[in-house]
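A.B. asks: This is the structure I have questions about; it appears just below.
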């Protein structure tokens, strides 16, 4: 099974239906190490919507990326047999049913022994992915980059499932082990005085944006590795982690975040994590015109996560 | 209770929080003839989403409109005590619960003896409004402007409620009387060979875009009045009725429709209809930048519907 | 003095600082028949603003136009010695002083025996131009294409000068002869019951958009020529005359107007008018992105007005 | 070989990598009747560029279309075995080499006995396609919808190949038979007095936009059929044929064209043409944001061309 | 009087006409501590215009903010009785009259003992606000964040009042005490060699962007407090203080500024200032599409200023 | 010959056809020290295209800049006689011929003893400029700011000339002396393992983005001066050097770069370089709407390069 991307020095990037980084579309999962899978649900979005279009928007910009990661000195696609597995089908306007379908789709990947790399979607899609991955690997160490903790109990009309609640649900369901998990990047105004403390009470380690800069990026990378050591880890990257200047097209932008360079630097310094799944979420393409820099950043983050997985395997 | 809009010759239109046509915000429904009410749900949207932002987008452009309608020679707000009643609360990502909340909000207006003029939202919001209005007035004559009939039985995962199904549901629920109802503007490619015939089988009169032009606008206006005669009527205007050039920011644009002038001409010629409710739906503001001509058209259509109501009352 | 535009078959249109239709920039007015002059004031704008950027926006799109007008079968720039005279300087935020500066700039053109073709600017710039042109030619026959009559007496805070009042002021100042003048295209909602009748009372002939279609375009062209016969004529084209689909980027769009083709057809059929000045106004470039079709239409209208002038001279 | 599109009532349209109308991607050409093929070259573009992104932009909007064409009462994909054959590779910045590669790609389709439906690309790509199709079918009857005749002899620096010259080259190369060919839609200003006459001298029948309306759409459809009778026909649709309001995102917009409804009506009325190839060209996606109505129109036109082919086969 | 915002965990943020942070609209000023007031004038804008739309643009994005400020550990709206007082009326195109009306509107707030928080508008609106606030509190300590000093003597045509002159006028009028005032953020090219020195000659302390980074943010916060000690202070935040990447939609962007995080960090560290008025100015909404990150930053800055006021009161 | 720009305190910046920084248009090169020249070719662009519109886009934003550079304490236009020399003509779609025309145009400037400051254009235009400048000054010291090294041997179809190859060609042609040249800013994923080493093998000093931050900006500025000492230097600034947040509208954006402030700081600290030519390239205006911050940054960088030249002369 050929799993090398199209050569962009031979065929211009704009030629052909775009898959993630011009990888082959998966016709089978057999023999793959990793699969890109779109999770195009935005039924959990409390404010801006349109993340259903994110997987294809990320694909469209990912064609600019090249296979070699110089930060880890690795050709990702030689180290890792990868393909683009297409998208999960969802049921727009039906959050519960969408989560079920998303879980089934990720489970098919995981059950084939393939590491899923999801493109969301609002942040509730991560709950579906965590369920699928934990079904195979047991309770997971969660590494969450996000400006919001998403650990509310309920949202509108007392609903338990939305983009604001997945990381409380995941603890309740026992699929995330908070004692080995860490949330990084919280900032901005809060609904209630206990917005951050509620995450801590759930057992998460919480690093606010201010604490991130006080700690320094190399030390924080080490802290992530230490926190998650000994556990299969799932990394979720909400694009609102960075400042809106770098990621304008997200569902709930929050002013005052780190730069793209700082975020990538942090990702590139993480080592020794046993990554069994990952996603990049909350891209909202209708707000990304015309230069689509948020989609490009999402694709770049995803490429770094693949490189992290490749480095761990190597 | 003062129900005259702010005078735009004195205070510039851009001053102040925008209500529909600068009307007062309703603090009570008592004494009103008509109320504008936002129905900001897009959980039923099968493709583009973001109609949740439509009510405020329409308000923002409606401030350009003036109170006198020269086509009916009437000062709408002298003839009709109007106010902006704000928005129904909805539950994003939960279509069924959203319909329930929308129905309750419209019912509060209707129960106060006030005619509701709704701003959607995806087209499923009309089902909620029809339920509320029919609860008071009985089975309604429906006048639907739309490029799609929206009479499918089911959508994704067999779901009965979405923007593609309200006008089958309404017949099944007995809140629309298809024998006095008419659908105008169908065009474009179809899912199945019976897409149009299914509407006819349900009892609707169907006028395609081609038939509309063959018939002529004055004759069609008369045909609408004749079809709905003797019944309380509900008029729903899906903005994809017109060509995407005039309404680019809709959920499911369909190339090849009438112009805004033709659509307005048709509305202005309708007479003798007993209008007990109306809405303008499917505006999708994220796709309306920067000139917002779809929102302006939506506001203009709404102003014509208010004028129709005012003329009927006079 | 060379007055032929750059040849776009030799040098690509995007090369070089853009002047109107790639004409030479005027270093002197001597020997010219006609001059393009920017009137970049938006101090009179009651709603959307930004028309100060219109002259250069029109120039940027005008480079797509070619010198031969096939409708009048004439090479405009062989018939007419033309140049781009740059822009009048204005005083942003000071309407009165801006009108004074605009008048001086147009007067310099007129005094040199050159016909001015102005690019506005909000519609109050036409008052300045009318003053300058009438100073040489006496009371003018006005041909106004517009969806609003702009004959209000006062605007905010009782101000006499704004985009809403120039054509009342012009009658009061005796620089327009309403008995030979015509306003075409009025439509939409009104502030007061006498919005249209006030124009008629001032002496203007008024043709609403509906009447325009009832009359037919060839007959209306003849009616314009008849109305203005025997008088030096000034033609002003407010881009909101056409539907917002064709001219989204105007200060005060009005839904339901004619198409660009209908507008151009009407202009192309006008004959026998003694054109001594003209302008195209109310383009609001910040709302014209990304395709800039309003600026292209403005440039095309201007080219037609030059051809009308050329045909009259021939 | 399954050649039915994905069912959009089951799987939301936004799920999955978008192919044209959600057709299968061709893994072989054997057994196909028709193939969609992207021709992503813009090296011939004299003004706006970016048409290299057109094939994927058209695909992205084509997912809104449905398989049944009610105007011809046909399920296109039951009548015609279709697939999406991906894109030709091109050499950006090298017009001659790009034409060679495009010709090879189309020739592969044609040689397999499959009718090519190309998505351009600037209009020079049609020359490459004509070469490939004529190699099999002999001199072709050309049906060209366009606001420009594109029959110049040379462009910048005396170059023979660009978007302004293909239909002179095609006559010179003997691959188009002008005596059976027709150009429709010419309008706007001209470079030289003989812009239109040069097409007539080459042997083309030319119908300007004005003549199109004078003739009437049904009569014009018949005239097209008559002109091309007895010849294998190639239809090329330059999106600047319609007014910029309907197709803002084209390389060289020309104000004052027909509406999308008029254009589609004309296409739908053409009968009895032996269509052996077709294309839709000059979409320039960077100028189509945010609502992408030009891409939607391009997809709709292509669907009509497939329906024309299907009807001819039936 | 209820002064708590709508609960965004119950009612989605997009529901209802947006006020600042979903606060109640003021029906009376009695009992309030602070009032948000729109100052929608752009008559003083020398380049880009459209700031008249800023107050409602800021309101529309402010609905994303939550009431608790974790940096000062305070629930702003429990500490401070706040409401949205709507907008001052202005006279577009008449700078002098607009300043008079703005002053009257702010004075009404101040005279009721309420602290005004203004949303501009071009920077000349600050002069009006300073006049109103100083009328009650005497000469003010000014804290100005800005990339330009705005201390020119005159602008076009010798005009004394525009966005380029307020902080010279304020010193001349004795309403600002420069000996207790500080300007922070100056950078970029200059009109004359004395652009910065003229501010220093007027008595202001001036901190350029380079000096700000040399000094460090904590030290600069202390310096601000020291400079303004003992005086009632007015803080004005021109959004061009930050880099255009973070605030693209300003009137006169200046490349090379601090990030949003650095700006917010500085604001959050200011302590012990007796804030009697504040504003955020120069947002130019037509340039903020589609993601509106400038408006979000403006709202976030305003929320920090409210928190500073609340902390001072506590 | 007057070479002072228009005074923006007298005439508003939006008045008049925009030249670079409102400089005079060159009617002769005699007596000039420096000339701005547009190099509007994008035939070498491998991905996004549209840089042909860059020179005028930069001019349009450059009017915001003022003549005095406070970082070098110099009035640039008093120190340096400058003018805007317009654009080179190019041959769109013909890379080789375009390079020839570009070289001729720059050579005309150089031959007149004037220092050329080019506005690209894709990065291949720099090869043309280097040829012209080296013809007079001999092998040049190259200072390249860029996220990509552009030292590939071939691109699509084995082509030697494109935006990916100029700095290999320049070494091969002997017009750049790599031993005195330096490339700064490389980052992101690579095509092949030797992407960076190939530059080093050619003889360039290479400083990646990470190394730039490790080195520190003052030290790096000194390193640039040391590397290029004793050689006439050419500085080329590819806008993708900075992060896409600061320069979204480039041909091939690369996430994770320095900020605009860091880039400008570096430029402002360079001293003692014998600058004989410079350019700013790869601006892609169709992706820069609506706020045009990339064009503003391009103009600001160019102004800094002029100041560097002026300082060297002084």
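Numbers here mean position along the shown chain, with the first residue as 1.
The backbone N, Cα and C atoms fix where each Cβ goes, glycine too.
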A.B. asks: Suppose a student reads TrEMBL and sees D:146, D:148, D:150, D:238, D:240 listed for Mn(2+). Which of D:123, D:180 should they find annotated at that same site?
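C.D. replies: Looking at D:123, D:180, the one TrEMBL places in the Mn(2+) site next to D:146, D:148, D:150, D:238, D:240 is D:123.
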A.B. asks: Inside 8 A of the center formed by the CB atoms of D:123, D:146, D:148, D:150, D:238, D:240, which other residues of the chain have their CB, for the recorded Mn(2+) site?
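C.D. replies: My list of surrounding residues reads D:144, D:147, D:149, D:163, D:241, D:252, D:281, D:282.
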A.B. asks: Could you say whether, by DSSP, residue D:123 (Mn(2+) binding site) belongs to a helix, a strand or a coil region?
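C.D. replies: DSSP assigns residue D:123 (Mn(2+) binding site) to coil.
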A.B. asks: Go through D:146, D:150, D:238, D:240, the listed binding-site residues, and name the one with the sparsest Cβ surroundings, counting other Cβ atoms within 10 Å.
C.D. replies: D:146
A.B. asks: Do any residues at least six apart in sequence from residue D:148 (Mn(2+) binding site), in the same chain, have a Cβ closer than 8 Å to its Cβ, and if so which, in order?
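C.D. replies: Set apart from residue D:148 (Mn(2+) binding site) by at least 6 residues yet with Cβ under 8 Å, we have D:164, D:186, D:188, D:238, D:240, D:252, D:254.
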A.B. asks: Compile a sequence-ordered list of residues in the same chain as residue D:123 (Mn(2+) binding site), six or more apart from it, whose Cβ lies below 8 A from its Cβ; state 'none' when nothing qualifies.
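C.D. replies: In sequence order, the residues whose Cβ lies under 8 Å from that of residue D:123 (Mn(2+) binding site) (at least 6 apart) are D:44, D:146, D:150, D:163, D:164, D:166, D:236, D:238, D:281, D:282.
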A.B. asks: For residue D:150 (Mn(2+) binding site), name the DSSP secondary structure in the helix/strand/coil scheme.
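C.D. replies: Reduced to three states, the DSSP call for residue D:150 (Mn(2+) binding site) is coil.
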A.B. asks: According to DSSP, folded down to helix, strand and coil, what is residue D:238 (Mn(2+) binding site)?
C.D. replies: strand
